[in-house]
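Some notes on the structure that comes next.
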Amino acid sequence: MALPSSSLSSRIPTGPHPLTHTQCIPHFSTTINAGISAAKPRSFYLRWGKDSQPKNLGSNKIIACVGEGTTSLPYQSAEKTDSLSAPTLVKREFPPGFWKDHVIDSLTSSHKVSAAEEKRIETLISDIKNIFRSMGYGETNPSAYDTAWVARIPAVDGSEQPEFPETLEWILQNQLKDGSWGEGFYFLAYDRILATLACMITLTLWRTGETQIRKGIEFFKTQAGKIEDEADSHRPSGFEIVFPAMLKEAKVLGLDLPYELSFIKQIIEKREAKLERLPTNILYALPTTLLYSLEGLQEIVDWQKIIKLQSKDGSFLTSPASTAAVFMRTGNKKCLEFLNFVLKKFGNHVPCHYPLDLFERLWAVDTVERLGIDRHFKEEIKDALDYVYSHWDERGIGWARENPVPDIDDTAMGLRILRLHGYNVSSDVLKTFRDENGEFFCFLGQTQRGVTDMLNVNRCSHVAFPGETIMQEAKLCTERYLRNALEDVGAFDKWALKKNIRGEVEYALKYPWHRSMPRLEARSYIEHYGPNDVWLGKTMYMMPYISNEKYLELAKLDFNHVQSLHQKELRDLRRWWKSSGFSDLKFTRERVTEIYFSAASFIFEPEFATCRYVYTKMSIFTVILDDLYDAHGTLDNLNLFSEGVKRWDLSLVDRMPQDMKICFTVLYNTVNEIAVEGRKRQGRDVLGYIRNVLEILLAAHTKEAEWSATRYVPSFDEYIENASVSISLGTVVLISALFTGEILTDDVLSKIGRGSRFLQLMDLTGRLVNDTKTYQAERGQGEVASAVQCYMKDHPEISEEEALKHVYTVMENALDELNREFVNNREVPDSCRRLVFETARIMQWFYMEGDGFTVSHEMEIKEHVKNCLFQPVA
């Protein structure tokens with residue numbers, strides 16, 4: 001793709017989309033300044049090397065270090081210099097390309113996808129489709145704790161039997177070998193002790209299971225002390241409320257437990273302190289998370305008042321335990337209906353909360369998207385999101401559709417995913433979770449928050465639209481929290497026990513939304529994703545439709561399959577580069593691998609192979625043309641080259657130097673080939689369209705060449721106006737768009753064309769991020785125009801640091817606007833919208849820390865290229 005070394009651009013005009021040839025080309029003067037020979041070179045550049053650093057000798061001189069000697073050149077800060085003698089051209093050299101054939105051969109995997117693997121991919125896709133299609137109220141595992149509370153309920157007919165005898169039997173049959181109750185594959189002392197205590201009390205109340213009780217007591221005595229070694233962040237929700245209350249009950253029942261353990265005393269003290277701070281009027285005023293733990297508040301609850309806060313489904317915040325406690329106190333029929341509803345689903349046990357329908361759908365969609373396999377499930381994803389959106393609330397959502405207490409975790413996840421899929425959702429929903437100090441918390445009016453929910457808020461904050469200050473506040477707040485969490489091992493995590501949440505946080509902070517690419521995120525998340533992750537509610541629970549081995553298996557097979565296709569395409573493109581004679585061009589950069597990587601990082605799907613070829617070839621041309629017009633060609637020769645493109649006349653190459661002859665001939669032949677294929681795809685001739693796109697680019701390069709020749713520093717606005725073309729990104733995108741699998745009408749092309757705000761923002765953000773990382777080096781090479789320098793010219797009173805800050809502000813605001821264009825431009829096919837938006841993102845990624853295009857081999861970028869293109873996932 002086009003990643004020019006010279007700087008150009010800032011504010012882009014927003015006029016209507018021109019369609020005709022004469023309308024499309026901006027009016028760029030090709031008249032050479034009177035005092036300058038058009039046949040002489042226009043600029044000087046430093047040789048590449050550690051000793052070739054520019055030395056500033058004041059406002060009027062720059063010395064270029066070239067070999068053993070130096071070249072002193074006048075530096076003019078005036079707008080134009082009419083009598084400037086042409087400076088001597090010093091050959092510019094780039095660092096050599098890292099990706100030589102032997103390097104690529106040593107990295108390329110010999111693995112080929114077998115027929116059995118292809119069959120397995122098909123099977124997994126079918127299985128996962130069935131997972132999505134079977135989503136109802138949520139799939140989850142049994143909660144021994146909640147089942148014990150439901151088993152307590154006496155028969156409503158007055159007999160001395162449990163209302164749900166099957167739950168009592170489940171407790172008797174599901175004690176673990178160590179005497180505890182809970183999930184056997186994962187030991188969390190908090191969870192096991194809580195569930196074991198609840199089951200022992202229930203068995204004691206029904207005077208059954210003496211053997212199980214005895215084993216449970218033994219477990220409690222030997223293992224309870226381990227709680228002191230566990231992080232506070234692993235303490236289940238409401239533990240300090242329900243555990244002391246049950247201990248008190250156990251003591252009354254005569255269970256022989258170590259009530260004097262220090263941690264037990266500490267938990268009791270925490271409960272008392274919390275209840276002292278609890279205004280009773282709040283308990284009944286509106287739904288809060290206290291409804292989730294009413295079984296631990298029985299001595300203070302006014303049961304008639306609390307009934308007013310019952311959910312529509314009859315539950316109390318979807319908790320079977322809390323609902324069972326209310327039923328035993330009130331006999332409320334809706335409570336009983338809810339419990340019957342849950343048992344009808346699960347048979348002889350209940351989960352820790354139910355339903356989980358919104359949570360399940362959102363996280364399943366997020367999982368397949370982050371793993372890079374979402375393209376296989378477009379219909380299923382739409383159905384899931386339609387369901388979530390139908391239950392969206394401007395106050396936020398919780399984990400279930402009728403949950404009266406919204407949480408920031410589900411709300412932020414929903415806001416981000418729904419917005420990116422084109423649903424109309426407002427960021428104002430986050431205001432529900434912001435306190436008077438500007439801090440964000442998981443639940444309204446509480447101070448609880450964890451790493452996972454703050455991570456989701458942070459991810460959400462990056463899809464902001466212009467003017468959404470709440471998103472900016474959320475970004476700053478969560479970045480601060482997450483960076484502190486990385487320094488505090490105990491901060492991981494209040495709501496989930498994940499395989500590598502730390503790795504997820506590190507990736508999100510280093511590669512936020514505008515600096516991450518789909519293929520890179522997939523590679524990273526494949527490593528971080530845990531198919532056996534568990535969540536923490538009142539007890540530990542699992543979500544098999546979110547954490548599932550099948551997702552991971554498909555992601556790995558699919559990644560490696562696509563990677564093998566990419567390796568073949570890259571070999572083809574490298575052969576094309578060599579056969580074209582480009583290796584003989586010493587004035588330009590050989591970056592075939594980096595350019596192909598930029599395309600494969602986002603348009604990676606097998607069906608877009610032709611688009612990747614075109615994107616890569618056109619990007620290579622724009623780099624060559626940029627280097628040609630930027631420093632190598634004389635103005636006479638450049639005008640001849642531009643005339644050749646305008647006339648589309650191969651005979652003009654006879655008047656060109658050899659290097660230009662190579663460039664023009666290969667451009668001519670390649671564009672003709674692309675046009676033939678484009679005609680097949682679009683059903684109409686596209687050669688004129690492609691030539692027009694190229695003419696516009698060369699006109700912009702010509703203007704830039706004139707600026708360089710005359711040492712002219714344009715105003716910020718003038719600089720930006722030309723940058724909408726000279727950045728070259730639009731050239732690549734507008735031609736590649738013809739191969740995205742859609743028939744593009746003139747109307748659609750206008751919505752991504754030169755006059756569209758969408759394309760302008762892509763160009764603007766790409767140019768500005770380039771300038772922020774290259775302007776100093778290019779200034780040392782004699783370049784006089786960049787966003788920073790032009791803004792300083794307009795505002796001579798400001799410092800360079802202030803100018804740079806302004807450029808960053810313009811860019812960040814433009815990225816927010818780009819979000820809005822990407823999301824709302826629904827008349828443009830998805831593949832075309834992606835092409836524009838992801839091209840903007842790859843620029844942010846390449847220039848995140850420096851000039852990652854020119855010197856990628858010296859940066860972390862090299863490892864990402866390896867991971868994306870060469871190293872299969874295990």
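One is the number of the first residue shown, and numbering goes on along the chain from there.
Placement of Cβ uses the backbone N, Cα and C atoms for every residue, glycine included.
These numbers come from a predicted model, not from an experiment.
Marked as transit peptide by Swiss-Prot on the basis of sequence analysis: 1-37.
What Swiss-Prot lists as compositional bias 'Polar residues' is 1-12.
Residues or ranges marked as region 'Disordered' by Swiss-Prot: 1-20.
Swiss-Prot lists ASP407, ASP409 with the feature Mg(2+) 4 binding site, giving similarity to another entry as the kind of evidence. Secondary structure at ASP407 (Mg(2+) 4 binding site), taken from DSSP and collapsed to helix, strand or coil, is strand. Of all the Cβ atoms in the protein chains shown, 25 others lie within 10 Å of the Cβ of ASP407 (Mg(2+) 4 binding site).
Summarising the annotation, Swiss-Prot assigns motif 'DXDD motif' to 407-410 and lists similarity to another entry as the type of evidence. Summarised as a single figure, the pLDDT of the motif 'DXDD motif' (407-410) averages 97.
Every protein chain shown contributes to the tally, and the Cβ of ASP630 (Mg(2+) 2 binding site) ends up with 24 other Cβ atoms within 10 Å. The Mg(2+) 2 binding site feature in Swiss-Prot is assigned to ASP626, ASP630.
Among the features that Swiss-Prot reports, Mg(2+) 1 binding site is placed at ASP626, ASP630, with the record citing similarity to another entry. DSSP gives ASP626 (Mg(2+) 2 binding site) a helix state.
Under the heading motif 'DDXXD motif', Swiss-Prot lists 626-630, citing similarity to another entry as support.
When Cβ atoms from all protein chains are considered, those within 10 Å of GLU778 (Mg(2+) 3 binding site) total 21, not counting its own. Sequence annotations record features per position, and here Swiss-Prot assigns Mg(2+) 3 binding site to ASN770, GLU778.
One residue stands out among the binding-site residues ASP409, ASP626 for having the most other Cβ atoms within 10 Å of its Cβ: ASP409. In the three-state DSSP assignment, the secondary structure recorded for ASN770 (Mg(2+) 3 binding site) is helix. Taking Cα separation as the measure, ASP407 (Mg(2+) 4 binding site) is nearest to ASN770 of the binding-site residues ASP626, ASP630, ASN770, GLU778.
Every protein chain shown contributes to the tally, and the Cβ of ASN770 (Mg(2+) 3 binding site) ends up with 29 other Cβ atoms within 10 Å. Taking the Cα atom of each, ASN770 (Mg(2+) 3 binding site) and ASP409 (Mg(2+) 4 binding site) are about 35 angstrom apart. GLU778 (Mg(2+) 3 binding site) carries a helical DSSP state (H, G or I).
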